[in-house]
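Notes follow the structure.
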């Protein structure tokens, strides 16, 4: 594989000095880009897009052609793993992802098994390999998965939920069943991410999108414990290079110190926590990724730039910061505002370093 021309993102994750703050965006290949919408139309469906290595590669590269981003992220979906477990993923118009066979009885749960990433999920590995070849060493490629808890939410609820009634009922009435789901799912996530690393992913991220809906004791028992299990099982080095890991719990700022202790290289922050305070708490242990409110991208360009500078100023000219949004970019984002954001992050972070001689 080609040597990286821009490894700023990887160095930042390892808290090494960088010339500027690297930036990429969660969901950077998505519906806010007209070229993505055109490719999605050609694919016929979102799942077809995910399951075609050539089309997944095409949309992964689209934001990199527009913006000076410092990393690419595999185009896929967090629900590929439970789909490979046989739950039957489909997308209902106006409802988002659904499962034909959600986990509702003990027999189904006890028979849950880890899918082979080189069988049911080989299309993902083929996409990773194809994207790495297409990037030709320009920037690193991030692989990803949902967290065990977040995947379990979809697997038990059958789709998105407002109150998580089914899975929370299980957590408090039959925790043994939920722990079984989480254990199998954690092992599946480890195998899935390691297969992505072997296929060419140079960093990996675990999205714990729904960890923040839990009470503290429940978060530690049903989410954090299994995030730890995933991190412990990851491949740490590949092709002679460290493969950094990022863990992101949306709504997890109140547990930041505990999350930082599980062994990942970086912790993602949503927009509700001051990143300067976060650095003061855990900056000696982990890099931090974040944490602009995605809604700021609806504002005029000068407001976008001002808020980006505010986040950078809060973190300061220290190593270990990867700039990102606090959650995925909205489909309604004006594409030109992303240009403003990326350019501001690069320019202002260089000025911050120059001011201290860094």
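Glycine residues also receive a Cβ, built from the backbone N, Cα and C atoms like all the rest.
Annotation comment: Swiss-Prot describes 27, 28, 29, 30, 31, 77, 154, 209, 327 as substrate binding site. Per Swiss-Prot, site 'Transition state stabilizer' is recorded for 77, and the stated evidence type is sequence analysis.
Sequence features annotated in Swiss-Prot and their locations in the structure.
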residue : record                             : DSSP class
27      : substrate binding site             : coil
77      : site 'Transition state stabilizer' : coil
154     : substrate binding site             : helix
327     : substrate binding site             : coil
Alpha-carbon distance [residue 77 (site 'Transition state stabilizer'); residue 327 (substrate binding site)] in Å = 15
Ranked by how many other Cβ atoms lie within 10 Å of their Cβ, the binding-site residues 27, 31, 327 are led by 327
Round to a whole number and give the Cα-to-Cα distance in Å for the pair residue 31 (substrate binding site) and residue 77 (site 'Transition state stabilizer').
-> 14
Looking only at 27, 28, 29, 30, 31, 77, 154, 209, 327, the residues listed as binding substrate, what is the longest Cα to Cα distance in Å?
-> 23
Are there residues of the same chain, six or more positions away from residue 29 (substrate binding site), whose CB falls under 8 angstroms from its CB, and which are they?
-> 36, 59, 60, 62, 63, 73, 75
May I ask which residues of the same chain, at least 6 positions away in sequence, place their Cβ under 8 angstroms from the Cβ of residue 77 (site 'Transition state stabilizer')?
-> 46, 50, 89, 97
